[in-house]
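Student: So TrEMBL says this about it:
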- B:133-148: compositional bias 'Pro residues' (COMPBIAS)
- B:149-164: compositional bias 'Low complexity' (COMPBIAS)
- B:1-101: domain 'HPt' (DOMAIN)
- B:186-426: domain 'Histidine kinase' (DOMAIN)
- B:428-583: domain 'CheW-like' (DOMAIN)
- B:614-748: domain 'CheW-like' (DOMAIN)
- B:765-883: domain 'Response regulatory' (DOMAIN)
- B:His44: phosphohistidine (MOD_RES)
- B:Asp815: 4-aspartylphosphate (MOD_RES)
- B:127-177: region 'Disordered' (REGION)
Amino acid sequence: MSGPPAALALAGRGEEETFLTLTVAGQPCALPVLAVRDVLAAQAITRIPLAPAEVAGSLNLRGRIVTAIDLRRRLGLPSRLPGEPAAMSVVVEHQGELYSLLADAVGEVIPLPREGFAPNPPTLDPLWREISRGVHREDGRLLVVLEVERVLAIG
Amino acid sequence: MDDLLADFLTETNEGLIALDAALLRLERTPDDRPTLSEIFRLVHTIKGTCGFLGLARLEKVAHAAENVLGRYREGTLAVTPDGISLILRALDCIKAIVAGLEAGGAEPPGDDGALIAALDAAAEGGEAGAAAPMPPAAEAPGPAPPSVASPEANPAPGAALPEDAAPPPPGGPGAAAPQTIRVSVEVLEDLMTLVSELVLTRNQLLQLARATGDSALTVPLQRLSHITSDLQEGVMKTRMQPIGNAWAKLPRLVRDLGLELGKKIVLETRGAETELDRQVLELIRDPLTHMVRNSADHGIESPEERRAAGKPETGRILLNACHEGGQIVLEIGDDGRGLSVERIRAKALAQGLATEAELAQMSEREVLRFIFRPGFSTAGQVTAVSGRGVGMDVVKTNVERIGGTIDLRSREGRGTTFTIKIPLTLAIVSALIVEAAGERFAIPQIGVVELVRVGGAGGGDGATEGQAPRVERIKEAPVLRLRDRLLPLVSLAELLRLDRPGVEEASEGAGDAAEEGFVVVTQIGAHVFGIIVDRVFDTEEIVVKPVAPILRHVTMFSGNTILGDGSVIMILDPNGIARATGVARDDAGEEIAGGGAAADHAGPGATALRSEARTAVLLFRAGGEETPKAVPLGLVARLEDIPRERIERSGGMPVVQYRGQLMPLVPLGTEGWAPEAAGSGGRQAVLVFNDRDRAMGLMVDEILDVVEAPLRIERGAAERPGFLGSTVLQGRVTDVIDTAWWLRQAGEDWFAAPAGGEPGRGAARILLVEDSAFFRHLVVPALSAAGYAVTAVESAPQALKLREAGAAFEAIVSDIEMPEMDGLAFARAVREGGGDWAALPMIALTSRADPADAERGRAAGFTDYVGKYDREALLASLRDCLAPPVALG
């Protein structure tokens, strides 16, 4: 269930939209909860040689093969160090295929009011601007709202 | 009950259900062509199948119904409710007979004369007046007047039957119901997912039990483990079937057809064990049957015709199945009369499928493809077997429905071969699980020829008996000497750019020290190469799943899968590997030579030849000269290192006993070979050239390297026999040897045909178009020796000038890659140019073995496509092309 295009949903629906928050190398991010299929603890991931750098590998989700995207790499953040805890998988579906977005921590499902929503600041890293649909202010922290479709536009 | 019969009943019952619905639809919309076609096909299939099962009664009824439907489809008879009623009555009759079959295992006795007469009358009635098909029907049949007298009455469908066929049905279909049930693939897919899940859970449990050491759990867990494995295997099996299952009916079909048609036909099958996904198998079964039937009916000639054509009386139909390059390839070939392009053209024109101008533009292959159009049949007369134009379009529709392709090759008088390719996505394959740099991969076993353990340290020089062979390196390129054969190797870890954990230091030094592991010897088409891996585990049946779309560009993998232990693993695509590394072009030699060798007289001042194609070239030193020598690697069969004391003399020539034969040795150099060197011990490097069972060795001083580079040959100032010229390789001037010249030094008969090989085809004149001097040097003597009169030109325009000058030939052999005008353009020019040349057989010489290239060649007008080094194939092809034309039926 990929849901309606997120921007439309945001504009068309009432006051708030529900998001799943996650942390990528210390950066708080959010995904529209409707796009999320599953959240998994650390999984065994098979590397895929010659794949784009953002592809961490593939994993087995109840008999389906899921391609894992390393959000740190995708966002141009420093790679995970050997000592750090393994990443969590946030499974999303895109055009009938399952992908797992690797995040360091998964927070909670929260409704975000539209008032707190701001477009990407023009000074934002172009890479980020490309995959984020905006920024949300919440309790003194800034959440980067990721657009699943654009996160997966690799290659 | 007979398996065949059971299958037939299942199929027919399904068909009948579909027919009922379709007929009613047709009644509402009489102009609905697709529905009409569908109905026609369904009835045709029923009729066709029962003919082979000896169900005469059914066949007669179905055939009569088909006749009427055929008229509907042609549009020569209008669809009327009365007509539909009549067809429905025929269906009811068929149903009753089928019910009887199911109950009793045999056709119930009965007379369908009245119904058949009505149907026939309806079919003929169309000619008199399409609007009134029924009245004649009422008059025609005598036997059962009461029921047929009121054809308007719809409740009459069973009228002709009850007295005959009614008794069996009460017996109930239950008695002999088929032993199988059909399960949707979705259900199987779900089961598969669940089983994978179960396997994972089992594995976790096993691990837990091991950790806690609770012995009470051990026994039940083991049991669970076994059951899980069995269950997994069982579920896997439910989806897979050897294609032989779909063939099971065919031998009988062919036999019966042979009897019926008065022909002698044998059916050969190969690759019956090739496993197909059940769904694919179901969908391919009917097309296969159709095609075999077509081959027997239209392809194979009668014994008399065959004898007259100089062929064995018994015709052959060959069914071949294999996995190839991630696909299942099915071939259905016969050695019959082939398709007549002319006849297809005429028919296409007559049916208005194309205009004369369009047809003139079409290549032979495009014309042949008309047979895949609905309603197209070249059979002169309609027989009970086929020839109604149903079949090939059904075949194509079915194949394409599962994402496959179908193509055909046909040569008039020599037979037709259909090639069906079905994607592998649904299939399960057996794969070898290997490890490189700590990562596991699956290699489909289809391409694996053998596994060789390669040793590390110690090998010493050469592989002595009983010791694991060693990976050697020529410059950087790893090779393996395997039973006298030089096998190019690809390191999987390097290819996939995997970091080897912990071997940095080792790889610092000479890479050869660390090569310990296995070589997976793999064959792709004619190319054999080895993949170096660290470990080999086991073989496992795997379900190939396509990779995610964002990974599609990584051509090294054909898919991925989940292993029994739950881990995801990538499936290597040997084709992709071969392409990525250039191994598949070990005819690289051909490419050089084809692409870039020198022409002797390439026009004023033009001495350097173009060649963008890169070619694998073997560099060596010989004759005591410092200047390196070069030869295309593709020409060299093997590299040998022979102890000098084994070299003997015979007839003044050095020879060596080699593989049970005497192999002449030719010293490459000016001063010849000094016999005294034999006594001096040491070893002699020899390049072995092979030709059928003959071998010849070229003695050189030292093998230097194998390089891949574009080869631009320039004529040296001083022409030397035995050398084509020189080129610059690795920054050094290098002499390129003229292999053909050296081969001749080994004895006059090198290019001679074997005794009795080419009986008196002396007069045939061949035109050779080849820009590469190197190849002209190889091909001209080979053809001359085979008794042909060869004229060689360097370019297509020169050849066309000969045409203008009125030169006559019996066949043309042409290179494809040439400057100015390539072979394809040349072929088109010849075909379109008219005159005597337009109909000449044209054989393409190519370094590309790719079937797509071959198809392009055929489309351009080439009669045949032959690999550049394949002298045998060229001679065989010439024999074929020049054989006396075969009488056509």
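From the backbone N, Cα and C atoms, a Cβ is placed for every residue, glycine too.
Note that the coordinates shown come from a computational prediction; the quantities given were computed from them, not determined experimentally.
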Student: To the nearest whole angstrom, what is the C-alpha distance linking the residue listed as '4-aspartylphosphate' and B:His44 (phosphohistidine)?
Tutor: 47
Student: List the helix, strand and coil residue totals of the domain 'Response regulatory' (B:765-883) as derived from DSSP.
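Tutor: When I sort the residues of the domain 'Response regulatory' (B:765-883) into the three classes, I find 58 helix, 24 strand, 37 coil.
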Student: So if I draw a 10 Å sphere around the Cβ of the residue listed as 'phosphohistidine', how many other Cβ atoms end up inside it?
Tutor: 23
Student: How do the residues of the domain 'HPt' (B:1-101) split into helix, strand and coil according to DSSP?
Tutor: 86 helix, 0 strand, 15 coil
Student: Quick one: give me the count of other CB atoms within 10 A of the CB of B:Asp815 (4-aspartylphosphate).
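Tutor: Result for B:Asp815 (4-aspartylphosphate): 27 other Cβ atoms within 10 Å.
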